Amino acid sequence: MKNKKYKIVTIVLLSIFFLMVPFIQSFIFVSNTKGKIEINKELEASYVKSDRKFILLFFGYVGCVDVCTPLLEKLNTMHESKEFEAVKEDVEVMFVNLTPEVEKHQPDNFAKVFNKDFKGVYLSRKETLSIDRTFGLFFSRSLSDKTELDHTDFLYLIENASNRQVLKNIYSVHPFNKEKITEDIKQLKVRKTEDLK
């Protein structure tokens, strides 16, 4: 009986530890980087498809009101801002759904509620299994409400570069600094143009 209690306590403590690691990492990144982490890592994510030069990617789930809705509203505000106008035609804003049990069309419908130009992406259960490693993303069923997910709310800047995709930056501070994100895209766009010469 004592051994069984010890095993249960150990499992609970290990579970809590592994659930807290991503949150601790995000606090460390935020305090050391002012909310922007430069990555420059090639991606293997077949579900992130766009013909635009850049992708602003956000992970969430259809129906999320606490995190996704306010963030997508802020992305819409940025997307429609005067500052963003210079890069708008080169950037696709993409919402990737983390709950495979929804119907395939729902993520795109959800994204388009915030802006008709936003794209929603459906992932299969198998595709969701590798997301945490590819993007450093944390998500799990909420302990308080099994219909909700707890997830990181980072924004990812991806560059489409000659048949490959490169994760350039992760933005982790809210509200997002739309001027800084826009400036980062402008600088990447200039570099990309210079590389083509």
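Counting begins at 1 with the first residue displayed.
Cβ coordinates are placed from backbone N, Cα and C, and glycine is handled just like the others.
Pulled from TrEMBL:
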type	residues	note
BINDING	Cys64, Cys68, His151	Cu cation binding site
DISULFID	Cys64-Cys68	disulfide bond
One finds that other Cβ atoms within 10 Å of the Cβ of Cys64 (Cu cation binding site) number exactly 20
Taking DSSP three-state, what's Cys64 (Cu cation binding site) in: helix, strand or coil?
coil
Which number gives the other C-beta atoms within 10 angstroms of the C-beta of Cys68 (Cu cation binding site), all protein chains shown included?
24
